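Chemist: Before we start, here is the structure in question, set down as structure tokens.
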């Protein structure tokens, strides 16, 4: 009831209001009024007891609760298997006891494994436990964010994450990054003293700091007025987490009335949904649903098989016939199928955690293996997310370059070099393009132009770069500003040296933070030596150059007026640097003679005018070392990689080429295809769906990307029948993450809302981890195919053996069974569950990333699997029946005795021996078939193609998977007690110990391996010829990936559709 009431409160919550509504929204009230109404204390904060009371009243500051592990539900899922089996109504104590043992074993193993799997998934729901600084009992303490309550006084500084929605009381130069909520990519300046109208939108409430936003600058204090689902970001999370009711709604007319038949319709549909959930056909992952439907189909087949057994014996009421009919039916039911699937998926999630991937949605495990396209962000995913200043251009002097360094914060690492030419006239492809190496003291000598440039780089900058007591260099602040500060520090022009201490040459007067409209950041400093005031500005090149009226182009004392030609030359130099993959900013300055009475009343537009252009700086966010190899591996696996980034097109193109998203031979690509490969978001968004579908290829690079662009890209991929994975980190990425076949959130830079919308989370924000996830997805898909094939081939073998065996009739006209009911139960118990679990734990087969994605339309039941299932099942049944017949008729007298299905006698000795031989063969074949399934095409004796252990490699392969090894050995060994222990052999298993018959078992085993290996060899020949016809082995990787776009090849408008068709053809192989 309390939970329902809380949900109703969330649904009725008004944006900007507190958990318990105030007289007006918090942003419309002055902060003393908010403090009074919410009963807070600005000085001492809440008391510990009051905080506990409010925590009980308002609940934890979190975006909902998953409910944890629920053992009762897991147990119920297992009991359903027992209920199905018990419904057969077995009355015999011995057979009934064995069946019960099988069921209990399934329940215990299945429940324990699934319970552990649920616990694993529950423990991975949260990546971290953040903390917040709150004032309690007059002291500032650090407490878990989840324990923050309305009325708490919280303190926030640069780098903190805002713990809840906070009405600011004090804000000093305070800015927050609200991109997670509003989509605004630039920090927002806050004003604690302002008030706004009630209906002001979230993005304009400058007196409120929002939950999950990040403090980028300054410090602030404030009163928490909304927590959990009542926060602005919580409202979005609530909408995403909303679960549909299990009861179908009654369809009503526009006036809200419904006719009686609508109630009947809703009740019928709700009932069918409930039955579907009970049977598992409409819950779980697509594969779980498909296998549940398969289980129902096999149950129907089992009933038919049981009827066949009864009909073959004239529907005799003989107890042995009835039990045999039940056992034959049970042999068709894969009792361990769903349990093994669940355990395989749980084991896969554990393995993925080790590879920096957290699975939030189990359906993604199936989907990962089918991914044909990955849409990835650039910064921090393909790149390291660490800015380094690589180039600096001072127009009057030339271009300065910084060499490679492994320590981005250390200004003493990396060689400085100089070239007198501007970037637009330097051929950076040449080895000498960096210029000649020099020391910073040489560069600074009589170089006032460089000094003016460094003043801007160092002082129009809030980052702090310093060397600690251990000699290590550290930095705080925005990555862009850190990289610029490190560059200035290379010349001993560090901001700390210039502004700290009594003898500091500079003193800050005013600051104009980076603004999204003007795309500039400026400061006013006073030079103590001359008492002059200077304006230092940095920002987007296009914006800064338009504010400049002068520029120094040579060593003269007088500047040159900035003309349109000069602006174009500057922009050309910017393009040259952007082509290197650098983010380019412009620096400018001027002396300021205006009156400064109140810093807050200075007209920014006047300050940032009539500037003198000082130069450009090129910042490099280096690709991760593993990105290029990961992209190549994706191409090898038949996966296209698309880079969707907010960067400049030139920068995006350069990085994409460096990590090999774009082909190296772009000159061989026709113009229309090349134009399609690299686009800006504005170009892409202006196109209609038909125009996009007509493109020869969907863009591999989209620059200046917006959240809506990502959604349109996913839809475009879907229209081409491709299977897409999409990365995202902000709240605005949630729609594209939801729309993608596999939504991938960033664990470090991602928001909680993005994680909730995603299917998997990368804990290291690394593109290579996406490839790890795809490899694990393919491995799991393979393993599921393996144990399904093993299980169903075994079912076919059992069913054929048992049904064909009905032809053996005794003197009474009743069938003499080749396998006793308990033997059937034993084979099901020993050869299915544990070996199939072992197959689920198998490592990836060699070359798993050298083949195209799976086709989820066919799923695990490909034509190859279906044919294999029949071939293996019939071959095993043939050998089992042959061994039974050979003992009975070849070496025996063919006497089938009387009542040999129930008791042992001298007359039944031959039948009992033949039955034991058939039982040994079936058990061993079923166990050894699991080893043969490790690789569905390669020989069991040669599963590692590159190995030089020509005769012993198979020993290493079977020992590698210890679980499967011991499961098979246990089944192999336990057959002997059932054969030779008195009473158990005659009275329970209805067979007897064998001697010379082992020769038949061994020969049959040899023939089993010979048959399976021959079938695999035939498959290898067939698929090798198919691949040769397709020409898959004749081209290099780039030619295979981009060959159909090259000018030598015919260009068509359906290239991606062709790719999808090729994938489907290959996946059938």
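A Cβ is built for glycine as well, from the same backbone N, Cα and C atoms used for every other residue.
Sequence annotations record features per position, and here TrEMBL assigns compositional bias 'Polar residues' to 7-20. Sequence annotations record features per position, and here TrEMBL assigns compositional bias 'Basic and acidic residues' to 1056-1069. What TrEMBL lists as domain 'Cation-transporting P-type ATPase N-terminal' is 25-92. TrEMBL lists 1-25, 1045-1069 with the feature region 'Disordered'. Under the heading transmembrane segment, TrEMBL lists 294-315, 321-346, 787-808, 824-849, 870-892, 912-934, 963-984, 996-1015.
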Chemist: Let me spell it out: take the transmembrane segment (963-984), skip the flanking residues so only those 6+ beyond its ends count, and list any with a Cβ under 8 Å from a Cβ in it.
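Modeler: Residues packing against the transmembrane segment (963-984) from afar: 826, 830-831, 834-835, 837-839, 841-842, 916, 919-920, 923-924, 927-928, 930-931, 934, 991-994.
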Chemist: Taking only the residues in the domain 'Cation-transporting P-type ATPase N-terminal' (25-92), give me the average pLDDT of this model.
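Modeler: The average pLDDT of the model in the domain 'Cation-transporting P-type ATPase N-terminal' (25-92) works out to 70.
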Chemist: To the transmembrane segment (787-808), which of 824-849, 870-892, 912-934, 996-1015 is linked by the most Cβ pairs under 8 Å?
Modeler: 870-892
Chemist: Considering pairs 6 or more residues apart, do the transmembrane segment (824-849) and the transmembrane segment (996-1015) have at least three CB pairs under 8 Å?
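Modeler: These two stretches do not touch.
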Chemist: Within the same chain, where does the transmembrane segment (912-934) have neighbours whose Cβ lies under 8 angstroms from its own Cβ atoms, ignoring anything closer than 6 residues to its ends? I mean 6 or more beyond.
Modeler: 786-787, 789-790, 793-794, 797-798, 801, 817-820, 823, 826-827, 830-832, 835-836, 838-839, 842, 845, 872, 876, 879-881, 883-888, 892, 900, 904, 940, 943, 957-958, 961, 964, 967-968, 971-972, 975, 978-979, 985-986, 989-994, 997-998, 1000-1001, 1004-1005, 1008-1009, 1012, 1016
